[in-house]
Amino acid sequence: MKKNVTELYKTIDYIFADQGLLEQAMTHRSHKGQHNERLEFLGDSILSFVIANALYAKFPKAREGDLSRMRSTLVRGQTLAEFGLEFGLGDYLRLGPGELKSGGFRRESTLADAVEAIIGAVFLDSDIERCGELILSWYEERLNAISPGLNQKDPKTLLQEHLQARKLSLPGYTVVDTKGQAHNQTFTVECIVDGMDSIISVGSSRRKAEQKAAEKALKILKNEP
């Protein structure tokens, strides 16, 4: 891998006993050698089970349809890609020359697949209990925020849909400042929307800062206070 994995271990909060599993999880099918598709398959199933179980316990009165919608929101590719960005997986992915040249290290589907592959690798490296604990620690913020019956779309998605409906360019997000150590950082994000002044927001994670910025932009576009 291009970077030392020590920082990645800190970011995902797990140290592999078998580093080969992590290397496989970070290997795209375009790269020579054993790639991550089998681990992705395994991780996808484990993630779905862990999140379904957590939602079932958290919302004892929720209907099946609401539980399914919440699970879909939490395990969809967009959510997993957000984790991939937060973890900085693009710096560790092993890609073939063509995929690397085309920017595969930042492609949403590639990042999402890598997150699922890491989950599969963690399970094989430990057990279902440790793997489940890790997944729930990653998802703590999102599980606390979600509720049955509510619109499951987050501010970034709503802003994107608002702009697309008006045939406008999609927003851009840039981290302009990061302070603090891993697990205790503050991120400053700039959101750029055509025709608007740039919007600056701060959050304890890149995702939080981006969501705050998107929410501000949406309110301005809708002329809300």
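Please read every residue number as a count from 1 along the shown chain.
Glycine residues also receive a Cβ, built from the backbone N, Cα and C atoms like all the rest.
Feature annotations, courtesy of Swiss-Prot:
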ACT_SITE  ASP44  active site
ACT_SITE  GLU116  active site
BINDING   GLU40, ASP113, GLU116  Mg(2+) binding site
DOMAIN    5-127  domain 'RNase III'
DOMAIN    154-223  domain 'DRBM'
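Sequence features annotated in Swiss-Prot and their locations in the structure.
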residue : record              : Cβ neighbours (10 Å)
GLU40   : Mg(2+) binding site : 22
ASP44   : active site         : 19
ASP113  : Mg(2+) binding site : 28
GLU116  : active site         : 27
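For the pair GLU116 (active site) and ASP44 (active site), the Cα-Cα distance reads 5 Å. ASP113 (Mg(2+) binding site) sits 9 Å from ASP44 (active site), taking the CA atoms of both as reference points.
Sequence-ordered, the extra residues of this chain that approach the Mg(2+) site, with Cβ no more than 8 Å from the Cβ center of GLU40, ASP113, GLU116, are ASN36, GLU37, LEU39, PHE41, GLY43, ASP44, LEU80, ALA112, ALA114, VAL115, ALA117, GLY120. With helix defined as DSSP H, G or I and strand as E or B, the domain 'DRBM' (154-223) counts 27 helix, 20 strand, 23 coil.
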